[in-house]
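Okay, structure first, notes after.
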């Protein structure tokens with residue numbers, strides 16, 4: 001570079017052919033408007049095509065061999081399960097002070113199978129804000145923050161006859177000890193029958209851990225507490241004061257509170273039985289897989305369940321879907337349009353036919369939307385989420401029977417069907433030689449047997465985000481070179497043929513962005529402060545959600561004006577066209593934020609890009625648009641205002657909620673509850689909303705209102 | 001805080017030319033998030049940085065014992081500081097940064113050709129300050145006295161440090177073991193745990209029988225830079241020191257954010273000369289992006305297990321690219337800056 005410059009400085013500039021990469025860069029930047037429009041359009045189309053681009057799932061790991069062995073679960077196991085179920089249901093009726101607790105009943109049954117049994121007691125924890133928790137992996141230790149009531153999990157471990165005790169499979173059956181329902185009893189009973197069977201199984205190579213989780217404080221909390229104790233043992237002085245002496249709890253038959261462990265966990269399966277029948281012809285298995293911050297278990301785990309349930313045991317498998325989309329008219333129109341295009345293309349060459357039938361397309365989109373939404377929320381959809389924090393693949397199976405389970409016959413046939421399914425899953429995972437690693441970790445589901453992998457779903461995001469840096473560069477370079485040319489330079493008498501490079505003593509020249517950068521920095525600083533406020537308000541404990549929300553707003557706005565005032569004076573000093581540089585910096589901040597978020601939680605970034613990218617690209621000072629009076633200007637203005645409105649997180653929340661549930665039910669408190677849900681689950685989405693989205697919105701607003 | 005207030009005040013009144021570059025450098029160093037990160041991580045790099053700065057300061061101020069002390073300790077802490085001996089010698093011999101000598105030769109209507117190498121030992125006519133009139137000239141010469149002082153002091157301090165080390169390491173294998181565990185560790189790249197640099201990934205992959213060869217190649221990278229830079233930048237020894245530090249922090253075997261903090265801070269010293277630098281915003285966004293992205297990538301690979309080493313190494317590569325761009329651009333800008341004098345005087 002130095003040599004090039006030295007040649008140029010002595011001789012007048014020749015027309016040199018620029019290097020290819022520089023040429024492409026220049027071309028893109030000089031046509032940034034067209035590139036932006038094209039990329040946004042292509043991104044939206046690619047987004048709508050995702051359900052069509054989904055592939056069928058397949059088992060990647062050969063060792064799994066699901067369904068290769070004949071299931072041995074028989075009605076005999078169902079009978080043992082029914083005994084426990086009856087005992088648990090009867091327990092509810094007995095009103096006796098000295099009766100055994102539920103966890104004792106379960107533990108006694110566990111011990112009868114010859115397993116290692118112990119109790120794990122824990123306290124419920126208050127909500128806490130750990131902003132960087134997604135970064136640390138496992139939840140942080142905090143001992144002073146719990147209430148006085150406790151719950152007790154019963155845990156049984158079967159030591160594998162062929163294993164070396166290094167690996168384990170975990171079965172979790174949550175139940176609520178406070179109000180024992182038939183469904184809870186059935187879950188525990190089902191787990192017990194499988195546990196009995198596995199206790200006798202000769203083929204077991206991994207230890208089996210059965211966690212009967214007392215979900216008095218929530219299903220997730222009990223599993224999370226147990227996992228924490230399993231992985232981060234707490235030694236001296238921190239043992240929970242839970243001794244037979246100081247309470248009404250008496251341990252029988254030498255079952256202790258000493259924490260026992262099996263090996264590292266290969267996989268975990270949580271199963272819950274729902275009492276209500278679906279009314280469909282078959283039993284229904286609902287799979288929940290999303291855990292914190294959009295992490296998913298390995299796709300092979302879902303594949304096993306789907307394969308066994310559908311192809312071996314004739315069950316119906318479902319994953320969550322947004323049912324409000326099923327009747328959406330515009331989605332059907334899009335589906336029909338795509339089908340029409342596909343038919344036309346197919347008439348040219350039948351191999352080119354790509355589209356799905358309209359109904360499949362709409363259904364796929366509804367499932368995809370739910371998958372994206374739940375991943376983006378970053379809140380686990382069930383107790384399996386706790387496992388993912390320790391890199392253990394886990395799913396929750398919610399099983400609803402086809403008929404009501406009040407009769408004994410129905411119960412036992414149901415137990416046999418489901419028991420065989422779970423036996424098959426355990427057997428398959430038992431074959432696993434390493435951790436799950438063959439199949440995908442990053443994917444969206446469009447049906448239980450179809451998925452969109454990371455390589456495909458990154459395309460629309462990439463297309464949406466690509467215009468951001470290009471437009472930023474265009475805005476910045478345009479303004480920067482212009483400013484440098486304008487600058488009359490005392491030394492450069494040879495006419496500024498290379499003013500942008502050769503400018504010798506520019507006092508601020510290329511550092512012109514520093515004022516705008518200061519404003520951007522101040523707004524982000526403000527956002528950081530705002531993001532800490534909700535947990536502080538929660539600690540100060542005002543129970544009314546609407547009041548809390550209003551306090552939050554009331555604290556945010558004055559603090560914003562404070563930062564604005566500090567940083568703005570110099571920004572306005574800079575010059576009239578300062579807004580373009582501010583816009584360039586805003587776009588730069590948005591693209592860094594989106595890029596970062598796409599790695600932490602892709603789904604959040606995807607949804608965020610849909611809101612943020614058009615707003616950032618379109619934004620233009622209203623006063624300048626106002627000077628023109630044509631239809632184009634009017635359209636530009638309206639779109640700016642609309643995008644600015646939608647881009648404001650509370651506004652978009654209210655619109656979405658109103659659209660899905662009706663506007664009369666929306667109030668401010670809901671927003672607070674939603675936000676509280678996000679931060680108390682340590683979702684990175686919360687940080688994204690407040691540290692990326694909100695500052696960018698504010699900066700866009702400043703650009704809009706630029707004088 | 002006082003400095004910060006002053007800085008903004010001056011920026012506000014747009015009187016940038018009166019800003020003291022030392023203040024700017026101090027501000028950039030002290031408020032740099034990378035410095036804060038290095039301190040929060042209880043890294044030893046601030047100590048090393050202090051020694052390096054002490055060296056440069058001693059050389060600028062013309063105090064050979066101080067420069068020698070800083071240089072010996074900095075070299076003791078990390079072998080890469082040894083390179084700084086070249087800028088120190090030039091600094092002690094000629095004095096501070098000035099525009100190139102050949103420029104003033106053209107001014108004096110001397111022949112252009114005998115500009116560079118031969119002039120090192122000859123007395124040269126040099127104006128005292130930039131842009132001053134031609135009449136106002138002083139004779140400055142390359143003086144050997146402070147350099148010999150520096151050498152003697154450096155020898156003394158090295159013996160002193162080595163003596164102390166040998167006393168304290170008597171029971172632990174002595175000096176030989178110390179060199180093995182310090183310089184040997186740096187040169188052999190024994191620790192392949194992931195860091196910000198580019199060595200670990202490569203040496204984790206390379207076959208054992210090629211290892212020695214590639215070690216040589218990688219370390220030679222830095223050595224190759226030394227002589228071309230000193231030829232081109234011998235008139236600006238402080239800037240040369242900055243470039244050396246930046247290059248070694250890109251190409252060293254175990255870099256840390258503390259090294260970047262040092263050269264970014266030193267860049268502030270050339271605030272006025274580098275004002276026309278291109279890509280400043282791009283570099284800033286790049287540094288911010290990479291410094292946010294790289295911990296996340298590391299987390300994705302090590303903790304969550306959904307990524308792999310390539311994810312993290314990609315950020316390390318991007319980081320290296322941004323650093324290289326920074327060095328290239330700043331050197332280019334500095335040379336352009338000096339060239340402008342020439343254009344001015346030609347007319």
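Any Cβ shown, glycine's included, is placed from N, Cα and C.
If you check TrEMBL, you get these features:
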type     : residues  : note
TRANSMEM : B:52-73   : transmembrane segment
TRANSMEM : B:79-96   : transmembrane segment
TRANSMEM : B:150-169 : transmembrane segment
TRANSMEM : B:213-231 : transmembrane segment
TRANSMEM : B:238-255 : transmembrane segment
TRANSMEM : B:275-297 : transmembrane segment
TRANSMEM : B:309-328 : transmembrane segment
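Remote same-chain partners of the transmembrane segment (B:213-231), defined as residues 6 or more beyond its termini with a Cβ less than 8 Å from a stretch Cβ, comprise 80, 83, 86, 90, 116-117, 187-189, 199, 202-203, 206, 240, 243-244, 247-248, 251-253. Long-range Cβ contacts of the transmembrane segment (B:309-328) within its own chain (Cβ-Cβ under 8 Å, at least 6 residues beyond either end) map to 194-198, 201, 204, 243, 246-247, 249-250, 260, 279, 283, 286-287, 290, 293-294, 297-298, 300-301. With respect to Cβ pairs under 8 Å, the transmembrane segment (B:79-96) is most closely packed against B:238-255, considering the stretches B:150-169, B:238-255, B:275-297. Away from its own ends, the transmembrane segment (B:275-297) comes close to residues 16, 33-34, 196, 257, 307, 311-312, 314-316, 318-319, 322, 325-326, 329-330, 333, 336-337 of its chain (Cβ-Cβ under 8 Å, at least six residues beyond either end).
A Cβ distance under 8 Å defines the sequence-distant neighbours of the transmembrane segment (B:238-255), meaning residues of its chain 6+ beyond its ends; these are 52, 56, 60, 78, 80, 83-84, 86-88, 90-91, 96-97, 186-187, 189, 191, 195-199, 218, 221-222, 225-226, 229-230, 262-263, 266-267, 269-270, 273, 320, 323-324, 326-327, 330-331, 334.
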